[in-house]
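Peer 1: Once you've had a glance at the structure underneath, I'll fire off some questions.
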Ligand code: SF4
C-alpha cells in the first residue's frame, strides 16, 4: 500500500468522481506509477489492454501508457474515444524504426516477411506482415512459413527469437533498435543480485541483452512474469524489467518478496503520467488519440494476422 499525502488523496477522490460522472474506463500499463495502477479499472500489458478494450461496453477510455500502445488501442477500437493525459509519452525504441527504414530492408530482402513487435508506431505497422508481442514472438516467427524474417524494432527480442526458432532473424533498424530500460541489464548486474539474494529466482524480460538473459532462471514477458511466482516455490524473486512491475507483483503475491534487478530500470516515458495530469485529462477530456482511417485499416492487418497465426 502506498503512503499518500493529503493532496494526492484529494486528486484520487476527484479522479474517481470525474471518471464516474464522465463515464470513462481507466486502463493502465504495468509500468505506470503505483498510484495510477491503483486507480485503474484494468491493468495489464499493452496487448492485453487493447484486446480487453474491445470487450468493454463503455466507449470512453482513459489510457495510461505510451503513445504506440494508445495507437494500438485505437486501431483495435476505432469507434471508441481514447484519451491520454499527455501527448509527450513516446517510446524511443518504437521511434527508432521508420517506414523508410522498413522499405529499404524490404528492397534488400524481398523474400523475408516483416514481423514487428507491437512496440512500434502505427505508421510502421502499415508495412508489416505480422505483429508480435514479447510473449508470443517466438511462436509467431516459428509458425511463419519462411526461414528468414525481418524483425524490429527490438534487436534483443530479435536475438532471442533467432536463438529459440533457429531462423535467420534480420534486425531492423539494427543496432539502434532497443529499449533503453532493458538494454541496461548486464551479466554483472545478474551476478551481483545472485550473490545478494542466493535463494531468489531471477526473472528477466526478453528485451534484455543475451549476456544477462543467459544467467537468469526464467525469461518472460510482463504477462508471463505475473504467472511465474504462482507456479514456483521460491519466496523471493528478482525482476528484470521496468520497476513499475514490482508494484503489481507485490499486490498479487503478498506472501512473496520482489526486488528489482536494477533500481534504475525506470522508463521516463511511462512515468510522464501522474495524478495531476490524469485529473486534468478527465476534466477537459483531452488529449484524444486520432489516426487517419487509412493508417488504422492497414495497421490492423498485421495485428489480425498475429491473432490468426496464434489460433
Ligand atoms: S519500457 Fe522500453 S519499450 Fe517500454 S515504453 Fe519504455 S522505452 Fe519503450
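Cβ coordinates are placed from backbone N, Cα and C, and glycine is handled just like the others.
Okay, these came from TrEMBL:
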type	residues	note
BINDING	29, 46, 117, 118, 119, 134, 205, 206, 207, 222	iminosuccinate binding site
BINDING	91, 179, 267	[4Fe-4S] cluster binding site
Peer 1: Run through 29, 117, 205, 207 for me and report the binding-site residues whose CA is within 10 Å of the CA of residue 179 ([4Fe-4S] cluster binding site), in sequence order.
Peer 2: 207
Peer 1: Out of 29, 117, 205, which binding-site residues lie by ligand 1, with a C-beta less than 6 Å from some atom of it?
Peer 2: none
Peer 1: With an 8 Å cut-off on Cβ distance to the 91, 179, 267 Cβ center, who else from the chain surrounds the [4Fe-4S] cluster site?
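Peer 2: Other same-chain residues near the [4Fe-4S] cluster site: 66, 92, 93, 94, 119, 180, 181, 182, 242, 269, 270.
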Peer 1: Around the Cβ of residue 117 (iminosuccinate binding site), how many other Cβ atoms lie within 10 Å? Please give the count over every shown protein chain.
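Peer 2: A 10 Å sphere around the Cβ of residue 117 (iminosuccinate binding site) contains 26 other Cβ atoms.
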Peer 1: What is the number of other Cβ atoms found within 10 Å of the Cβ of residue 267 ([4Fe-4S] cluster binding site)?
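Peer 2: Looking across every protein chain shown, the total is 23.
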Peer 1: Per DSSP, residue 117 (iminosuccinate binding site) is which: helix, strand or coil?
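Peer 2: Assignment for residue 117 (iminosuccinate binding site) reads strand.
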Peer 1: Other Cβ atoms within 10 Å is the metric here; tell me which of the binding-site residues 29, 205 scores highest.
Peer 2: 205
Peer 1: Nearest of the binding-site residues to residue 91 ([4Fe-4S] cluster binding site) by CA-CA distance, picking from 29, 117, 119, 205?
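Peer 2: Checking each of 29, 117, 119, 205 against residue 91 ([4Fe-4S] cluster binding site), the shortest Cα distance is to 119.
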Peer 1: Can you count the other CB atoms that lie within 10 A of the CB of residue 91 ([4Fe-4S] cluster binding site)?
Peer 2: 21
Peer 1: So how far apart do the iminosuccinate binders 29, 46, 117, 118, 119, 134, 205, 206, 207, 222 get, largest Cα to Cα in Å?
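Peer 2: Per the listed residues, the maximum Cα distance equals 18 Å.
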Peer 1: Validating a neighbour-count step here. Other CB atoms within 10 A of the CB of residue 179 ([4Fe-4S] cluster binding site): how many?
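Peer 2: Result for residue 179 ([4Fe-4S] cluster binding site): 26 neighbouring Cβ atoms inside 10 Å.
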Peer 1: Can you grab the distance from residue 117 (iminosuccinate binding site) over to residue 267 ([4Fe-4S] cluster binding site)? Cα atoms, rounded to a whole Å.
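Peer 2: Checking the Cα atoms of residue 117 (iminosuccinate binding site) and residue 267 ([4Fe-4S] cluster binding site) gives a distance of 18 Å.
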